[in-house]
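Listed in Swiss-Prot for this protein:
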- His363: active site, proton acceptor (ACT_SITE)
- 11-14, Lys25, Gln76, 81-82, 103-105, Gly140, Glu154, Asn169, Asn227, Arg333, Lys351, Tyr366, Asn377: UDP-N-acetyl-alpha-D-glucosamine binding site (BINDING)
- Asp105, Asn227: Mg(2+) binding site (BINDING)
- Ala380, Asn386, Tyr387, Ser405, Ala423, Arg440: acetyl-CoA binding site (BINDING)
- 1-229: region 'Pyrophosphorylase' (REGION)
- 230-250: region 'Linker' (REGION)
- 251-456: region 'N-acetyltransferase' (REGION)
Amino acid sequence: MSNSAMSVVILAAGKGTRMYSDLPKVLHTLAGKPMVQHVIDAANDLGACAVHLVYGHGGDLLRQTLHEDNLNWVLQAEQLGTGHAMQQAAPFFNDDEDILMLYGDVPLISVETLQRLRAAKPLGGIGLLTVKLDNPTGYGRITRENDQVTGIVEHKDASEAQRQIQEINTGILIAGGADLKRWLAKLTNNNAQGEYYITDIIAMAYQEGREIVAVHPQRLSEVEGVNNRLQLARLERVYQAEQAEKLLLAGVMLRDPARFDLRGTLQHGRDVEIDTNVILEGNVVLGDRVKIGAGCVIKNSTIGDDCEISPYSVVEDAQLQAACTIGPFARLRPGAELLEGAHVGNFVEMKKARLGKGSKAGHLTYLGDAEIGDNVNIGAGTITCNYDGANKHKTIIGDDVFVGSDTQLVAPVTVGNGVTIAAGTTVTRNIADNELVLSRVPQVHKQGWQRPVKKK
């Protein structure tokens, strides 16, 4: 086992022609995150001293998307093979460090497998990640003598006997910096593809008497690459099934694990229940006994104990204290905050608004840029008119206020404690405590009124 420092090289220069997309292949997302970001995260979790990202196609988009402080951007202007890609990064290698080679389109490689690979790397030799396949067609074969790895032969260059070998190269390896630089300098493109294969260094190491140790991943999905959208979709389901299994074993009740997506992280309490077709994005926290109805989307939000979110509600960048109820068909936008026991019903939208303890907005309401006190009733059709066409303004409502249906609160405006606002009122001025406010056009009755008759 090597105790050397370690840097990581991630190959991410490919165009991804079979994705049929203008987006670089490695920026296509898995579980809501670019594939290459999964690999960068694994490198960081391993404690890499540096991460060298070899890029080519779509470099500007890559730079706009990835913002890791320790990324060293290495341009591969021409894509002439994996060995050529590593040659571009080689000037940045330290002689006394280990270099781990990863791929931006192999997103599910686990930290645990990479730790085992690093631990298995012999001094002065190479650690190689391999798998055995029933159908190895198209993959580089691992050649052995007396069970010792001697080289890798690409499928197009393999003999018929070599093509019967089931152990294949995953492309992931680790070697010392000084050794790797020396071997990379010796690579040639004398092969069927006319490319520089990184795999040729295995034979070089063997000829020098260096040991090559093969390690197998825990799961085949860890080393599956993505070349088209079908493969990406399959890996997405593999990843989601793994997340669902972990949650079920940790006590979360997923009504249908096959219809649940976690696209980020979830912290959860006890006795959490999640119905079908729920999507959790970003960093989500669910307290004890939280219930999430079917079809809900929750992003970067904290949901307190005993909250219930009814079906088809969307909660984004919001904070819910204990015992709140939401939906169905509610939308909490960034900055929404519900204090203990608050209720937001169907077709209610909140943004940058706080709803106090025990307060209710039952239906068909917009609350934006608002501070609403405790024990307030917001009637159906109420709107905080917060935008004047250029700027946003705030509405402040005190405690124990009753807001009748179809009320418009034209901000900036402040409503005192204990106020009653009659249905159909347009509030344009501040209201003092305990006042009744109404503004209606006088009701007109015309006896004997007849409706117009259509002209023929």
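Glycine too: its Cβ is placed from the backbone N, Cα and C atoms.
Where Swiss-Prot records a feature, it is marked here on the structure.
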residue	record	contacts (Cβ under 8 Å, 6+ apart)
Leu11	UDP-N-acetyl-alpha-D-glucosamine binding site	Val54, Thr82, Ala85, Met86, Met101, Leu102, Tyr103, Gly104
Gly14	UDP-N-acetyl-alpha-D-glucosamine binding site	Pro24, Lys25, Val26, Gly56, His57, Gln79, Asp105
Gly81	UDP-N-acetyl-alpha-D-glucosamine binding site	Asn189, Gln193, Glu195, Tyr196, Tyr197, Ile198
Glu154	UDP-N-acetyl-alpha-D-glucosamine binding site	Gly140, Asn191, Ala192, Gln193, Tyr197, Thr199
Asn227	Mg(2+) binding site	Gly16, Arg18, Met19, Lys25, Asp105
Arg333	UDP-N-acetyl-alpha-D-glucosamine binding site	Glu316, Asp317, Ala318, Glu349, Met350, Lys351, Lys352
His363	active site, proton acceptor	Gly345, Asn346, Phe347, Val348, Ala380
Asn377	UDP-N-acetyl-alpha-D-glucosamine binding site	Ser359, Lys360, Val401, Phe402, Val403
Ser405	acetyl-CoA binding site	Gly379, Ala380, Gly381, Thr382, Ala423, Gly424
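Sorting each residue of the region 'Linker' (230-250) by its DSSP state yields 20 helix, 0 strand, 1 coil. Across the residues annotated as binding acetyl-CoA (Ala380, Asn386, Tyr387, Ser405, Ala423, Arg440), the widest Cα-Cα separation comes to 23 Å. Sequence-distant contacts of Tyr387 (acetyl-CoA binding site), defined as residues of its own chain at least six apart whose C-beta falls under 8 angstroms from its C-beta, comprise Gly368, His393. DSSP assigns Glu154 (UDP-N-acetyl-alpha-D-glucosamine binding site) to coil, not to a helix or a strand. Around Asn386 (acetyl-CoA binding site), taking its Cβ as the centre, 23 other Cβ atoms fall within 10 Å, counting all chains. Mean model confidence for the region 'Linker' (230-250) is a pLDDT of 98. According to its DSSP assignment, Ala423 (acetyl-CoA binding site) is coil. Comparing the binding-site residues Ala380, Ala423 by how many other C-beta atoms lie within 10 angstroms of each C-beta, the top residue is Ala380. When secondary structure is read from DSSP and collapsed to three states, Asp105 (Mg(2+) binding site) falls in the coil class. Other Cβ atoms within 10 Å of the Cβ of Asp105 (Mg(2+) binding site) number 24 in total over all chains.
Every protein chain considered, the tally of other Cβ atoms within 10 Å of the Cβ of Arg440 (acetyl-CoA binding site) stands at 10.
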